[in-house]
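S.K.: Attaching a single structure in structure tokens format; questions to follow.
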Amino acid sequence: MSLDIAKYPTLALAENPEELRMLPKESLPKLCDELRQYLLTCVSRSSGHFASGLGVVELTVALHYVYNTPFDHLIWDVGHQAYPHKILTGRRDRISTIRQKDGLHPFPWRGESEYDVLSVGHSSTSISAGLGMAVAAEREGKGRRTVCVIGDGAITAGMAFEAMSHAGDIHSDMLVILNDNEMSISENVGGLNNHLAQLLSGKLYASLREGGKKAFSALPPIKDLLKRTEEHLKGMVVPSTLFEELGFNYIGPVDGHDVHTLTQTLKNMRDLKGPQLLHIMTKKGKGYAPAEKDPIGWHAVPKFDPASGTLPKSQSSLPTYSKIFGEWLCETAAKDSKLMAVTPAMREGSGMVRFSREYPQQYFDVAIAEQHAVTFAAGLAIGGYKPVVAIYSTFLQRAYDQLIHDVAIQNLPVLFAIDRGGLVGADGQTHQGAFDLSFMRCIPNMVIMAPSDENECRQMLYTGYHHNGPAAVRYPRGNGTGAVLEPLEMLPIGKGVLRREGEKIAILCFGTLLAQAQLAAENLNATLVDMRFVKPLDEELVLEMAAKHQVLVTVEENAIMGGAGSGVNELLMAKRRWVPVLNIGLPDLFVPQGEQDEMRSELGLDAAGIQRQIEAWLA
């Protein structure tokens with residue numbers, strides 16, 4: 001799909017930042033309007049992250065206009081908002097391929113463009129990496145500048161504050177731009193405040209500020225008075241001095257949709273020494289009313305009709321696993337006031353909207369703070385409550401030490417509802433849930449369950465909730481199979497279920513690839529086992545299958561290395577059972593973006609692929 005660039009005459013003149021910087025500044029508002037419309041048209045036809053990009057159009061234009069990218073380093077935190085950046089950096093004609101197999105990466109990606117200096121996807125990494133680049137630039141001595149753009153959500157994470165504290169300590173030259181879209185632009189982000197921001201960022205003010213400090217350095221009372229006067233001046237129109245306490249020179253807030261103010265302020269700040277923080281106010285979804293009204297709903301969108309102002313409904317009548325979890329959570333909370341649900345800023349994605357409204361006293365959104373979420377849950381468990389941590393597989397990686405040190409070592413009854421296990425689709429390498437079975441399986445005291453359908457998911461959540469120790473239920477992104485939901489009951493810990501009896505080959509399946517494995521088993525006349533538990537492994541059943549069959553095949557949507565299949569291998573070797581084993585799962589690579597079924601087919605994890613791998617191995 002390609003758009004008629006003739007409809008965007010100013011944008012047509014700026015295929016890359018070099019061309020953008022040749023435009024007269026008077027044309028920048030027109031460029032922003034066209035860029036926003038181009039983004040709207042492209043995403044509506046191809047799907048993708050939407051509201052965040054609309055909110056940073058003016059900022060993106062201003063940054064590339066003022067800074068000499070790619071020589072100067074521009075870093076986008078997380079990267080949801082980077083579509084305008086990609087459009088302006090030579091990828092305009094390919095933006096409609098974003099998040100698709102073999103298309104543009106969903107986030108800034110070093111291998112895709114020299115303008116993407118940091119590969120991202122997870123939040124709050126930009127300032128740490130940016131500080132490292134700033135230190136390297138100082139050693140290089142060529143005047144290279146470093147700019148990090150981070151949102152008001154991502155900056156709350158501990159890693160961001162750790163980086164700012166370090167930056168303030170070593171006083172490296174860098175600019176952090178806080179993109180604050182939590183509220184609409186208010187009156188105090190108007191003329192006076194924009195004027196003050198330009199004044200405070202100007203060279204004359206900076207010179208007087210530093211000169212005054214030096215002149216009165218021997219007179220502490222006067223120096224303190226000057227500092228208090230400066231803070232009082234800022235305090236009339238800006239937020240707290242938190243960033244100043246961390247060692248940053250704070251400027252703002254300014255209107256993030258006034259491209260002229262942004263360019264002038266950035267020009268003023270470009271040559272300032274030491275760590276700088278520019279606070280801008282933006283509106284997520286800017287320029288498209290439905291997205292402005294519901295930025296969360298329009299965060300990532302399927303194809304839609306811009307004229308309708310609505311998103312298409314899901315075509316599937318089957319519930320998602322996230323919905324199954326959310327319904328179970330509400331059902332359990334209705335009977336048990338000790339349940340406490342914890343999420344690190346993933347309420348919508350984890351299916352917890354209804355729970356948060358109906359049980360607000362039992363719901364904790366701890367923001368983007370996975371480490372805190374896990375240890376907070378440990379504290380709740382020590383206090384006699386029953387915490388349930390709802391977290392994506394890829395984000396649990398960020399709290400690995402807390403999982404071991406604060407939960408497992410103390411054998412605390414914390415249930416982890418791990419969403420997005422396995423292939424997630426369009427978000428690619430940074431979001432695949434490829435490693436959780438591997439990194440949890442080696443932790444003592446953990447019970448790890450992998451349901452084959454939505455009914456088993458409910459039963460496992462119930463079982464894990466009532467287990468007196470740490471437990472994890474790991475389920476995928478997407479819809480269930482249509483399984484009948486049975487009354488909740490405890491499953492026997494560490495016991496699998498024989499689903500089909502065959503000959504010679506026994507397929508041991510962990511998780512929701514069971515339906516695909518079933519088809520392969522029927523075609524091969526193989527035995528099929530729903531293993532259910534990754535840990536503790538059903539050793540008795542595995543050894544029985546080894547005794548009755550010529551070969552074993554393990555199937556899982558997790559990295560083969562260290563995964564559930566590795567557990568089977570370890571058991572057989574420990575018991576001196578010399579049975580050939582084929583491990584089928586995710587290969588030793590970071591799986592790129594693509595539709596889930598598309599990538600399963602490519603990786604040999606659909607029914608045909610499983611059968612093909614087995615037949616090739618036996619040939």
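Using the three backbone atoms N, Cα and C, a Cβ is placed for every residue, glycine included.
It should be emphasised that the depicted structure is a prediction, and the values quoted were computed from it without experimental measurement.
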S.K.: Kindly point out which candidate in GLU15, GLU358, GLU370 is recorded by Swiss-Prot as part of the thiamine diphosphate site with HIS80, GLY121, HIS122, SER123, GLY153, ALA154, ASN181, TYR288.
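M.R.: For the thiamine diphosphate site that includes HIS80, GLY121, HIS122, SER123, GLY153, ALA154, ASN181, TYR288, Swiss-Prot also lists GLU370.
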S.K.: Within a 10 Å radius around the Cβ, which one of these binding-site residues has the most neighbouring Cβ atoms: ASP152, GLU370?
M.R.: GLU370
S.K.: Looking at the binding-site residues HIS80, HIS122, which one has the fewest other Cβ atoms within 10 Å of its own Cβ?
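M.R.: Relative to the other binding-site residues in HIS80, HIS122, HIS122 has the fewest Cβ atoms within 10 Å.
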S.K.: Which secondary structure state does DSSP assign to GLU370 (thiamine diphosphate binding site), in the simple three-class scheme?
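M.R.: Going by the DSSP assignment, GLU370 (thiamine diphosphate binding site) falls within a helical segment, counted as helix.
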S.K.: Just to verify a number: CA distance, ASN181 (thiamine diphosphate binding site) to ASP152 (Mg(2+) binding site), in angstrom, no decimals.
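M.R.: One finds 7 Å between the Cα atoms of these residues.
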S.K.: Given that the record lists HIS80, GLY121, HIS122, SER123, GLY153, ALA154, ASN181, TYR288, GLU370 as binding thiamine diphosphate, what is the largest C-alpha to C-alpha distance among them, in Å?
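M.R.: If we measure all Cα pairs in HIS80, GLY121, HIS122, SER123, GLY153, ALA154, ASN181, TYR288, GLU370, the largest is 32 Å.
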S.K.: In whole Å, how far does the CA atom of HIS80 (thiamine diphosphate binding site) lie from that of ASP152 (Mg(2+) binding site)?
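M.R.: Pair distance, Cα basis, whole Å: 13 Å.
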S.K.: Express the distance between the Cα positions of GLU370 (thiamine diphosphate binding site) and ASP152 (Mg(2+) binding site) as a whole number of Å.
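M.R.: Pair distance, Cα basis, whole Å: 17 Å.
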